[in-house]
């Protein structure tokens, strides 16, 4: 499919091209292909307006003005054949000056002249069919393409595939190549000229934005989960409408429907990414969005159209095909949109996934946004969508329909950038300032004043703040070989005062070093497997270690013998993320999908008669299973002050918040990342700070294979 201004193009009877002028409602039929037409594209210029069609045997360029004149004179219009027997063509694109055509056929890209049959260059390197290609407007010789091999390449004429590859167009030499970014085929591509970025989408509803600025080395700027953003948008609008008592009977789109148990979750392929002429539709509005520099884009999926704000990466509007009774297409196989709005309306062309049917839609952008944003006053008798025509390919007829306008029953708040964050609804307290509800978690407040002041003084002397005016460290100062042969180090942990560094190694030992790496303080041995975790006590006198041998050991810094050993009979899987908790009152650890809370008493004295008998005691307080996961992949809890909040991440990509004071799970964030979270980090602050300790613990950072996210614990967002 292809759209341009008042024209849309689509194949008829497989090998015939129909170009329909929506202004005059007159179709133009063009014949010249013998095989099925598989790709279409309009030229970049209006005068003359060119359209290119491709099939297995021919690539043909048509001048629509000449073809229309030929038909009026009674002649059969003919196009210019610019390519022959190139293979299965999935995508074609004109250059900005309409002098060249990029033809994506199989794993290759052919650069053809738009004036005659001449192959200017052949670009190969993709391992799977190329699905999209775009010319870069500010670089004369740059082309970007994406492929089902999940890579993007750039040639100069650059080419992007899904590992990133950079090529020199004149020599076809490979300049740069990235790793594979996604597990799903890349289907769509768009170049943002203003921000010098490329936007690409895959078959699983994921969107990536890469920078094309020369100094940025094609780095990923943002990753957006369209499925998650769509669900969040709909849920927010449904809740907003339900609270106000509006649209309860009108909205099918945003009502939260639970998926039946055992059903299959459908994917959300991104079929199209196109510029959205957003502000042109609101040029007379007094209450239009404040930031006129914000960029908006259309996202075409198999189930509907979305408008995304490139500044906030949030949805501004969502149009679902299933909400319109006059539209018989519920799931689209392909989609095309006009870049420029005409009279505030955008022309959209979609084809059915299961039937040989094409629908021409007219989207009133202003009406669509008004029905979904309270910032815009609704106008009566204004329709957001009109199905102006349907075309059934098999029967080969074209008929105009009566106006089929339907309001979208949505509303959501406008996202305003650079404004103070204000919570209009009461947020349930996380409980940091409340008194503990269990005797088990009652902190010892009977500290002598001298002891507190002494602790403050010592802490003040030892702890050094990182100077804010300094640049982050980019070069290492020193390195040290900890063993005679190469040995992996699985975990490292600084002591609270920053004086010592503990390392858990694959050779079953725990190594204690001075923080400046000038001297080995101690070496603890006794584990029968690699040491997977180490943790310091708050008073820096003890060290806890967990191992692959399913044992837990607590070591005294002054003694190489373990003060406490918990054997294999206590744990059914590897002990991970062992640490002291609640200012050394408990020990926390993870074993499989369970969080263990242990109370302990350490006694290093020896009985001469029973010298080998352990006098330290450790008891299991409670086990907390994480919801619907096979294994806990990360754990975070504060030991620097009294906090009963524990955070875990699982192999199911979820985050879960445990309130150990209440002894239960309080919140679960499903699919916090696209991949499993491997690190949770909190700003733990200092227990001797003049500010409230709980103020430090309001934010956390999670890291996974898809990136890093910052979360607000007050709202779990």
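Sequential numbering from 1, following the chain as shown.
From the backbone N, Cα and C atoms, a Cβ is placed for every residue, glycine too.
TrEMBL has this to say about the protein:
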type   : residues : note
REPEAT : 30-65    : repeat 'WD'
REPEAT : 524-557  : repeat 'WD'
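Across the repeat 'WD' (524-557), DSSP assigns 0 helix, 19 strand, 15 coil. Across the range of the repeat 'WD' (30-65), the DSSP-based residue counts are 2 helix, 20 strand, 14 coil.
In the predicted model, the repeat 'WD' (30-65) has a mean pLDDT of 93.
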